[in-house]
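Below is one structure, written out as structure tokens; the observations come after it.
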Amino acid sequence: MDYKTLCFSLFDYKTEKWVFLVKKGYQEVNTSIQSSVITKVKGVAFTNTSELKERLWDVADYVIPSQGENVFFVVTNLIVTPNQRQSHCAESSRVPGAVCSQDSDCPKGEAVITGNGVKTGTCLMGAGNSSGTCEIFAWCPVEKVSKPTKPLLGKAEDFTVYIKNTICFPRFNFSKSNVLQTKDRSFLKFCRFSPDNHYCPIFRLGTLVSYTGNDFQEMALEGGVIGIHIEWDCDLDRGPSACEPQYSFRRLDNRFAEKSVSSGYNFRFAKYYQDANGVEFRTLMKVYGIRFDVLVNGKAGKFNIIPMVINVGTSMALMGAGAFFCDLVLIYLIKKSHFYREKKFEQVRLSSQKLLSKYLANGKQDTGLSAGEEPLGQVQTVEK
């Protein structure tokens with residue numbers, strides 16, 4: 001084979017050849033990624049409600065937890081029950097097991113499991129009604145049973161979040177951040193993330209939600225969960241510049257059904273106070289909002305002679321064994337084996353001169369033919 005043919009053969013299509021290159025069988029791969037995530041939300045909003053009056057909301061009010069982790073929650077709506085004190089009041093009629101017609105229906109000391117307190121043994125009957133609700137000892141008045149009709153902090157759509165992700169592959173002593181390495185102090189003040197700008201990790205919340213195919217105002221009404229997935233696929237043979245973060249976004253709480261009883265996200269917390277007499281009271285808040293989960297995965301690969309030798313040897317062994325078993329089946333085990341045999345082998349008749357040369361090459365001077373008689377030739381089966 002000449003050098004030109006040899007060079008072109010390197011570019012012939014062979015499955016095993018391309019699998020070796022595409023899958024980077026010549027590299028050592030490390031999937032033990034170490035990751036750190038820091039988040040900071042910025043933005044302010046103003047509200048004016050009957051329960052809270054005029055109020056300015058900043059990051060200390062609407063971001064939970066405040067220290068900035070890989071999971072953070074932004075309040076977008078809430079139901080407020082102010083001035084709750086521990087005393088006796090009627091349980092909500094919507095709570096299972098709270099409706100009664102006589103005192104025996106309200107055993108004293110029994111907790112209302114899905115309710116708000118402990119029964120006192122008294123059934124509070126409404127005027128002219130045949131049934132009432134059990135009296136309970138609880139934080140009274142009990143929480144309002146209602147659903148929000150519009151988001152209180154709808155302007156949170158324009159808030160921004162800074163997500164700094166630093167990763168390390170200890171096997172290769174390699175680390176990198178998703179923030180552009182620059183000395184320009186104003187870079188992070190004005191840049192915004194876009195599909196073409198992966199090294200500015202400052203996201204507008206409304207844009208983040210839109211990447212999942214959802215509307216921020218609709219999601220802010222009852223809350224939800226957004227997954228921010230950062231994927232690092234690093235080919236260290238090409239240098240650090242070939243290791244770039246790839247982002248994807250997905251809504252996690254409402255994946256299979258557009259409207260579901262389990263969709264949304266909310267929880268409760270209270271702020272406690274004391275009046276002039278030292279009696280404790282509180283303001284209960286049921287907050288709705290969007291929880292953001294930052295998920296980081298990645299792998300890095302770098303050339304190593306050991307996996308290359310192992311993969312080359314394995315490929316060669318598998319290719320040889322595969323060809324052998326295929327020939328075994330096609331030549332001997334199928335009904336139309338003669339068709340495959342004809343395609344794989346051909347019969348070649350050696351000329352008398354070639355036959356004589358073959359004999360001489362084997363050191364056989366006596367051909368067994370009479371004087372003046374020439375060999376007629378020999379039929380030999382060879383592989384195509």
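Note that Cβ sites are derived from N, Cα and C of the backbone, with glycine treated the same way.
Among the features that TrEMBL reports, ATP binding site is placed at K40, V41, K42, T160, N266, F267, R268, K286. Among the features that TrEMBL reports, disulfide bond is placed at C89-C140, C100-C123, C106-C134, C191-C200, C234-C243. Residues or ranges marked as transmembrane segment by TrEMBL: 312-334. Residues annotated as region 'Disordered' in TrEMBL: 365-384.
Calculated from their C-alpha atoms, the gap between F267 (ATP binding site) and C140 (disulfide bond) amounts to 19 Å.
The closest partner of C89 (disulfide bond) among the binding-site residues, by CA position, is R268; the full candidate set was V41, T160, R268. Here the binding-site residues are K42, R268, K286, and the one ringed by the most other CB atoms within 10 angstroms is K286. Highest local Cβ density among the disulfide-bonded residues C106, C134, C243 belongs to C134, counted as other Cβ atoms within 10 Å over all protein chains shown. The disulfide-bonded residues listed here are C123, C140, C200; among them, C123 has the most other Cβ atoms within 10 Å of its own Cβ. In sequence order, F169, F174, K176, A242, C243, G298, K299, A300, G301 constitute the residues six or more apart from C234 (disulfide bond) in its chain with CB-CB distances below 8 Å. Nearest Cα neighbour of C200 (disulfide bond) among the listed recorded positions (K40, C100, K286): K40. Among the disulfide-bonded residues listed here, namely C100, C106, C134, C140, C191, C191 has its C-alpha nearest to that of V41 (ATP binding site).
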